[in-house]
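Each remark here refers to the structure printed beneath this line.
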Amino acid sequence: MAATHFIGLMSGTSLDGVDAALLGSEEGHHELLAGVTRPFPPQLAKLLSSLCRQPEIAPDVLAEAETAFCQQLAEATEALLQVAGLDKDAVTAVGSHGQTIRHLPDKGWSWQIGSPARLACLTGLPVVADFRSADLARGGQGAPLAPAFHQAFFSSPEETRLVLNLGGIANVSLLRPDQAPIGWDTGPANTLLDAWHRKHHPGAGWDPDGQWAASGETRAELLQRLLDDDYFRQAPPKSTGPEHFNLNWLAKHGGRSVSAIPAADVQATLLELTVQPIAAIARAHHVDRVIACGGGTHNRTLMTRLAHHLENIPLESSKTQGLDPDHVESAGFAWLAQQRWNGLSVHLSAVTGADGDGTLGGLWLP
Ligand SMILES: Nc1ncnc2c1ncn2[C@@H]1O[C@H](COP(=O)(O)OP(=O)(O)OP(=O)(O)O)[C@@H](O)[C@H]1O
Ligand SMILES: CC(=O)N[C@H]1[C@@H]2OC[C@@H](O2)[C@@H](O)[C@@H]1O[C@H](C)C(=O)O
């Protein structure tokens, strides 16, 4: 069978830009052939961030953001093809996640912008998009979707593996030999760390290498207050987003100590809030290995603290398995596009709690 090429586009909850991946597949074997990350122009990042936070959204502002966002998706596709040295005729389709503006699965919906029809027109390529709606319509959370791809790419017949995405939100996939994957969002990964850092270092996107967090001291009482949120206790299926974990949440759950202690101590405590629930999951499921991806893998303090809490469980970057940690999510949407193109069901109901499995996403032709 000849090799096929699918492109995946993802821009996540961190609102840092578009990740694009080119996935080559041949006889069930998948390979990341190229990946690019294009930061959003600052104006667009600001606009998207306000849409994600504002309780009310004006249609004109939304349309403006969506149009500019689609342009970024098309430019990322173009840049990817150039880096890969591939003619677009060799690409079967583009899988486009879109930008999540709201994720409220308990109300039965999750909303991603990024008009697939416009993108198909701009790129001249078929586009597969709207990956979450069918699962939500079947009563599922509509997230996380990555566990199916993680199973296809990272599973082992001998080992129980935990694949961990450290984006704005953290999500895990538990891959056990000969079993369907399960997975869920564990809570915040970088979203609170970024927001708290930005509040105290205006203009700086994130805490480089977690240096500020490393300069602070974890406050056990504050950590316990934050861990008392029901989300951490809730059994899967579950998914979340910055709609829940944001600075208002921190103020509400942290109480007076958030403003009374040094800001660096709050950052150190938020870092523990990210790593401790994840490590507890890995230990409880006796996993043989944790494979990490997402931007948080670049935060050395976060990775060091996670390794500490994992005790003797090996922690490695997805790079050691042949997949750049910055392109796992986008590669996942290339893979999901391939499943949809081939009319294949994606087995995610054990993850999302949907009534059953089925195809995910719709198809837009140029
Ligand atoms: N050098 C670094 N030091 C510290 N943090 C970093 C570094 N590089 C990236 N990050 C973190 O990674 C985040 C981006 O991660 P990523 O692109 O995986 O998130 P996302 O895909 O937008 O989120 P999600 O997976 O929730 O949708 C940044 O916002 C930042 O917090
Ligand atoms: C609604 C939404 O955009 N959710 C994202 C977010 O980012 C990480 C986590 O929360 C995960 O649930 C999901 O993304 C990945 C790609 C997923 O669906 O698996």
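Yeah, the Cβs are placed from backbone N, Cα and C, and that goes for glycine too.
Now, the feature entries from TrEMBL:
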type	residues	note
BINDING	GLY12, THR13, SER14, LEU15, ASP16, GLY17, VAL18, ASP19	ATP binding site
Within the same chain, the residues at least 6 apart in sequence whose Cβ is under 8 angstroms from that of VAL18 (ATP binding site) are LEU9, MET10, SER11, THR37, ARG38, PHE40, GLN72, LEU73, ALA76
Around the Cβ of THR13 (ATP binding site), other Cβ atoms found within 10 Å total 22
Note: in the chain of SER14 (ATP binding site), residues six or more apart in sequence with C-beta under 8 angstroms of its C-beta are GLY167, GLY168, ASN190, THR191, ASP194, GLY295
Restricting the binding-site residues GLY12, SER14, ASP16, GLY17, VAL18 to those with Cβ under 6 angstroms from ligand 1 leaves GLY12, SER14, ASP16
Listed in sequence order, the binding-site residues from GLY12, ASP16, ASP19 whose CB sits under 6 Å from ligand 2 are GLY12
Cβ-Cβ distance under 8 Å, sequence separation of 6 or more, same chain as ASP16 (ATP binding site); the residues meeting this, in order, are THR37, PRO39, PHE40, ALA45, GLY205, GLY295
ASP19 (ATP binding site) has its Cβ surrounded, within 10 angstroms, by a count of other Cβ atoms equal to 27
One finds that other Cβ atoms within 10 Å of the Cβ of LEU15 (ATP binding site) number exactly 22
For GLY12 (ATP binding site), the same-chain residues 6+ apart in sequence with C-beta under 8 angstroms from its C-beta are ASP19, THR100, GLY167, GLY168, ILE169, GLU329
Given the ATP site GLY12, THR13, SER14, LEU15, ASP16, GLY17, VAL18, ASP19, its other Cβ neighbours within 8 Å of the Cβ centroid, in chain order, are MET10, SER11, PHE40, GLY167, GLY168
Three-class DSSP assignment, GLY17 (ATP binding site), comes back as strand
